[in-house]
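Colleague: Pulled these from TrEMBL:
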- A:LYS200: active site, proton donor (ACT_SITE)
- A:MET7, A:GLY8, A:TYR9, A:GLY10, A:THR11, A:VAL12, A:GLY13, A:SER14: NADP(+) binding site (BINDING)
- A:LYS100: NADPH binding site (BINDING)
- A:GLU185: L-homoserine binding site (BINDING)
- A:8-124: domain 'Aspartate/homoserine dehydrogenase NAD-binding' (DOMAIN)
- A:132-310: domain 'Homoserine dehydrogenase catalytic' (DOMAIN)
There are 2 protein chains.
Amino acid sequence: MVNIAVMGYGTVGSGVVEVVRTNGARINQRIGDELNIKYVLDLKEFPGDPVQDKIVHDFETIIDDDDIKIVVEVMGGIEPAYTFVKRCLQAGKSVATSNKALVAKHGAELLSIAKDQGINFLFEASVGGGIPIIRPLNSSLTADEIEEITGILNGTTNYMMTKMFYEGADYDEVLKEAQANGFAERNPEADVEGYDACRKIAILSSLISGQQVDFEDIYCEGITKITAEDMKYAKAMGTTIKLLASSKRRGNRLHAIVAPCMLYPGHPLYNVNGVFNAIFVHGNVLGDAMFYGSGAGKLPTASAVVADVVDAAKHLNRNIMTMWKQDKLKLEDKADAKRRFFIRMKGDAQEMLADLRDSFGDIEIVHADGLDGEFGFITPVMMEGDYDTRAGIYKDEILHMIRIQE
Amino acid sequence: MVNIAVMGYGTVGSGVVEVVRTNGARINQRIGDELNIKYVLDLKEFPGDPVQDKIVHDFETIIDDDDIKIVVEVMGGIEPAYTFVKRCLQAGKSVATSNKALVAKHGAELLSIAKDQGINFLFEASVGGGIPIIRPLNSSLTADEIEEITGILNGTTNYMMTKMFYEGADYDEVLKEAQANGFAERNPEADVEGYDACRKIAILSSLISGQQVDFEDIYCEGITKITAEDMKYAKAMGTTIKLLASSKRRGNRLHAIVAPCMLYPGHPLYNVNGVFNAIFVHGNVLGDAMFYGSGAGKLPTASAVVADVVDAAKHLNRNIMTMWKQDKLKLEDKADAKRRFFIRMKGDAQEMLADLRDSFGDIEIVHADGLDGEFGFITPVMMEGDYDTRAGIYKDEILHMIRIQE
């Protein structure tokens, strides 16, 4: 029998219990042994709940029990999760977690402890919910240099962008609706400001570079300034706008950014709509690939956590995860990244055209129906630093800038 | 040093050599040891080629060399691949193959030998080229009951369907163009009749059911009868037509089929265009997921083969693949599968409506621009056997039937 403990009995924790109950027979077959949830750690009691007899309130019960070989951490947040997980690993217990904040901040250290102990620290559910991405990067795409990972990593904002694009709705209106439907939290900051996506791309960046990438170092711009007018231009250009979290390698340098971007229909992420997440990967020999699925939700996330438990159970005394080093990777300066930019500007396109061409080069003018006294234009590929300099000249005229993803 | 042999120096074989040469440093880092291609088995000589000194013509050289721990089989076809692979496994050498015919026919036996020997028989590249799907099914989606796998598993036919849909071109015209571009072979039968996709869905079906699924048992219909007129109806219905290979479980029964199907835009496979492949997976707790990428091609396929070599090298004496049993799974009778059908019929819709409603129930009429003397209709959900009975009544009027994928 493989005994495990689940720390945290919230949405994901109760999902983990449900997945083990629903698919237990198949899971046991895959492990080759019987999986048993021995403890569920939570501050609350759950009278009448199937796990009521397994509830413990003291972490020491778990750490002291040598029967427990695998611990699921689904409490979220940094503390006490970090202390608990570290102590579990130091005590020789493998850990499976869905906690992106924990992995983004302490992943390198926790992976290193697990390696020293010959056990595993697994976190498939921390990025992309149920979508397998961590394990494919770790064990499938091993013949490649991964040159780019770009993801729609936050379902809330993708739901909002999709609504704004297809229904022409306002940001505030869509946010209220998302909150009413339970797709956005009362305090939506972590989603709409891009912080959630930023932690996830930090984890993916660390994995592909083999070095710690701090999310605080990644330029992060949310969707709060995207308007119904922006979407009109996007449509006129045949594009859509998505919140993308992206990491691109150029030689030894990595350019990571979270920002709303315009995407053309040829891009595999163009059609990823609603609360779905997807992760685009470009490998130097694989070419383009994409992984798509439910990026959040109780059961999809629990599915990924339990798959990690299965893997941990099959490798009880064998470390299987690639590590990344604790020394920080120096990211490429945002000013050095090259791309095209879409700019909305006050004024008259014909009057300003010659002047703008002088500044930005061979720009392309875009008009959107029903928007008077303004116009849009697309710059050629240029460095973001050069864009910034030129945009400074027109700071009173520029209404909005949105990056273009090729 | 991990010494390997590559059997077959055709497109994929030379791709494997190129991938190891290009990404060798990173691959060695991931294995934790140096990967060395010691032999390349081929009937021909390759003077001036980087591998000219490694070329051997006799399989016995490989089997007799105890240094060779891993063998790559990329010759294709059943013989001598089967004999060679079996002897390698029996001699304790792990095998990585891209050979779908071999895996579909002898996978169960070869997996079983590998398990007995404590080594590995890996075949990521046999389905979906560079797209990771075998390993995710084996080690990522382990908390789920996989209820459905539906894939666009053949790039040639997807290229042709895409061209016919977007350009309104004829089947013959598109086939000629595909042949001229190198996307279709001179003898295109294996692709256009669906046999290639059929072998691949047989492999995926065996994996998810844990029992041998023979491709000969799977109903297989190619794209040769799809016309420009069919595409007009598809457009009128807001659908597209794709060659889908599908496997659905209902309890202990599995319904597997390869056929051109109409797909609505809400389906994740709707936007998979050109030579790309994609595999849609539905798990009972995961929900919907999709894996997308290059389903063929020298380097993407070699990327998957080399990733298998990396995995084999990391698990030299440890079996990691789930097996399937050799006893054959009895597939659900095609007649019992339920779905909606699109039918093109000669005649006048209004005159025949009452009669057709009598036979098929509450049908929906579809008209396509410029097609006189015929019309289309969509049936309600019905068993295919019931459809067949009813279609028999109208056999002189029915021009074509295309299944609808929900």
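A Cβ is built for glycine as well, from the same backbone N, Cα and C atoms used for every other residue.
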Colleague: I'd like the number of other C-beta atoms within 10 A of the C-beta of A:GLY13 (NADP(+) binding site), please.
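Modeller: The answer is 25 other Cβ atoms.
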Colleague: Quick check on the domain 'Aspartate/homoserine dehydrogenase NAD-binding' (A:8-124): DSSP residue counts for helix, strand, coil, in that order please.
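Modeller: DSSP composition of the domain 'Aspartate/homoserine dehydrogenase NAD-binding' (A:8-124): 56 helix, 21 strand, 40 coil.
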Colleague: Near the residue listed as 'active site, proton donor', which binding-site residues out of A:GLY8, A:SER14, A:LYS100 have their CA within 10 Å?
Modeller: A:LYS100
Colleague: Given the NADP(+) site residues A:MET7, A:GLY8, A:TYR9, A:GLY10, A:THR11, A:VAL12, A:GLY13, A:SER14, which other residues of that chain have a Cβ within 8 Å of the mean position of their Cβ atoms, reported in sequence order?
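Modeller: My list of surrounding residues reads A:VAL6, A:GLY15, A:VAL16, A:ASP42, A:VAL74, A:MET75.
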Colleague: Between the residue listed as 'NADPH binding site' and A:GLU185 (L-homoserine binding site), how far is it from one CA atom to the other, in Å?
Modeller: 17
Colleague: Tell me the Cα distance separating A:GLU185 (L-homoserine binding site) from A:VAL12 (NADP(+) binding site), rounded to the nearest angstrom.
Modeller: 16
Colleague: I need the most crowded of these binding-site residues: A:THR11, A:SER14. Count other C-beta atoms within 10 angstroms of each C-beta and give me the top one.
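Modeller: That would be A:SER14, with the highest Cβ count within 10 Å.
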Colleague: To the nearest whole angstrom, what is the C-alpha distance linking A:TYR9 (NADP(+) binding site) and the residue listed as 'L-homoserine binding site'?
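Modeller: With distance taken Cα to Cα, the residue listed as 'L-homoserine binding site' is 19 Å from A:TYR9 (NADP(+) binding site).
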Colleague: Could you list the residues of the same chain, at least six apart in sequence, whose Cβ is under 8 A from the Cβ of A:GLY10 (NADP(+) binding site)?
Modeller: A:VAL74, A:MET75, A:GLY76
Colleague: Measuring Cα to Cα, tell me the gap between A:THR11 (NADP(+) binding site) and A:GLU185 (L-homoserine binding site) in whole angstrom.
Modeller: 14
Colleague: DSSP on the residue listed as 'active site, proton donor', three-state: which is it?
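Modeller: DSSP call for the residue listed as 'active site, proton donor': helix.
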Colleague: Quick check for the class: what is the C-alpha distance, in angstrom and rounded, between A:SER14 (NADP(+) binding site) and the residue listed as 'L-homoserine binding site'?
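Modeller: Spelling it out, the Cα of A:SER14 (NADP(+) binding site) and the Cα of the residue listed as 'L-homoserine binding site' are 20 Å apart.
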Colleague: Would you count the other CB atoms within 10 A of the CB of A:MET7 (NADP(+) binding site), including those on all shown protein chains?
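Modeller: I get 25 for this one.
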Colleague: Residues with Cβ closer than 8 Å to the Cβ of A:GLU185 (L-homoserine binding site), same chain and 6+ apart in sequence?
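Modeller: A:THR156, A:GLN179, A:ASP191 - these are the non-local Cβ neighbours of A:GLU185 (L-homoserine binding site), listed in sequence order.
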Colleague: Within 10 Å of the Cβ of A:GLY8 (NADP(+) binding site), how many other Cβ atoms are there?
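Modeller: Here the count is 24.
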